[in-house]
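As structure tokens, the structure follows; a few thoughts come after it.
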Amino acid sequence: MKFTTLATIASTLLFAANANADTCNPLKSSDCSPVPALGSSFLEKFDNGLGPHFESLKKQGTIDSGSNGLSLTMKKRFDNPSFKSNFYIMFGRVEVVLKGAEGKGIVSSFYLQSDDLDEIDIEMFGGDPYQWQSNYFIKGNTATYDRGGYHDIANPLKDYHTYVIDWTKDAVTWSVDGSVIRTIPKDNAQGFPQSPMAIYAGIWAGGDPSNQPGTIDWAGGITDYSQAPFTMGIKSVLVADYSSGKQYSYSDQSGSWESIKADGGKVNGRYDQAQDDIKKLESGQSVDSNDSSSSPSASSSDSSSTSSASSSSSSSSPSSTTSSSSSSSSSSSSSSSSSSEKSNAVPSASVIVFIGTKGGDKTTVTSSSGVSVPTSASVSTAAGTTSGSANSAPASAASSTASTVFISTGDAAPSSSASEKPSVSTTENNGAVSVAKTTSLFGFVALIGFLFV
């Protein structure tokens, strides 16, 4: 029995090491493989599953589809239904029609994230019916949480709104229902996201009682699971890649957009074409499918989804998302910056080893794959230009001022006690760290040695 138990633990540690090895940060390695480019435009209405461009992260919870798009539902603690794109865009426009989930401490997330941890976020909080949050991170830097902005909106948890992220080499702009809400210029003091990004969406419990106080406050309070189910809706997603080609790669480790190479295409090479595509798709027309040869899916993928007639700018359709990476992180240690995957509580060692870090005077928790959520309350000052919000409503006094993201990785069942979560403590370190992989490997070697003592 002892041998079996140790062997099982050893295998899970090895699995964790291998899982971490699959994630390659181009700023830390010059051997990262190119990522698949979209290189085209499409509109997905999710009337028959996730469609050809998205894939489930296979977390607990349910993702249902129908005439009203997707429903991502948490039925119990540790659920974290979430999905991601099977392509990347290099500058582009993403429109999502969504409705956030109701429920104190429940976070509905939709965001873009790159392999070197640039990130652009849209988040809603189930206990705040008056606001949504825009946020961004640069190269996984979570030393401060002053990039987030809170914006008034009417009924984001009951009504569907169209949220737009327009990302160019010069600025990032968030819009809601046709009105510009916030703009971040490329030369802002906090830095600028400029590397190929995938799309993530999901719902998770930031208010799980095992999370750190800062995370719970940010999410809006302790989650009451007796009020489940919690459901976020996503009716449609329109994506237009501003670059062309079959795949994107990093030519050096600078992380600048000028270092990105487009195989068979050009960075920013289809901006004008994308604008035409967007107009057609929003008006219910199809777009030229010739670009779809650049898509990671079969050439028919774009033609099938782009022919969908739903207008992504319509505020009447639902849409919702999640932290990739955002899976619910019931333990603040299980949350990781928007890379979407995970459940509300602490995962077992078979999933990943989480690293506790400190940034300034705030303790944060990150995973090796992404940024982190705040673990102690902090005041944020939104950078960038904020416009008057569409459908303004009184701001909720209960809204937290801590702004940040989420996410965690892993599939295994969470441990029952926060004290059981594996962690390694470091200081003055932010962004994705590779300690998890090293920790898992050392643990594996130690266990193997123990077996033969």
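Heads up, the Cβ atoms here are built off N, Cα and C, so glycines get one too.
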Pick from 38-73, 362-397: which range does Swiss-Prot record as region 'Disordered'? 362-397
Integer Å value for the Cα distance linking Trp204 (chitin binding site) with Cys32 (disulfide bond) is 30
Nearest to Cys24 (disulfide bond) in three-dimensional space, by Cα, is which of the recorded positions Glu119, Glu123, Thr215? Glu119
Spacing of the two Cα atoms, Glu123 (chitin binding site) and Cys32 (disulfide bond), in whole angstrom, works out to 30
Please find which two of Glu123, Trp204, Thr215 have the most distant C-alpha atoms, given that the record lists them as binding chitin, and give only that distance in angstrom, rounded to a whole number. 14
Counting across all protein chains present, how many other Cβ atoms fall within 10 Å of the Cβ of Cys24 (disulfide bond)? 17
Including all protein chains displayed, how many Cβ atoms other than that of Glu123 (chitin binding site) lie within 10 Å of its Cβ? 29
Would you kindly give the Cα-Cα distance separating Cys32 (disulfide bond) and Thr215 (chitin binding site), rounded to the nearest Å? 32
Where does Glu119 (active site, nucleophile) sit by DSSP, helix, strand or coil? strand
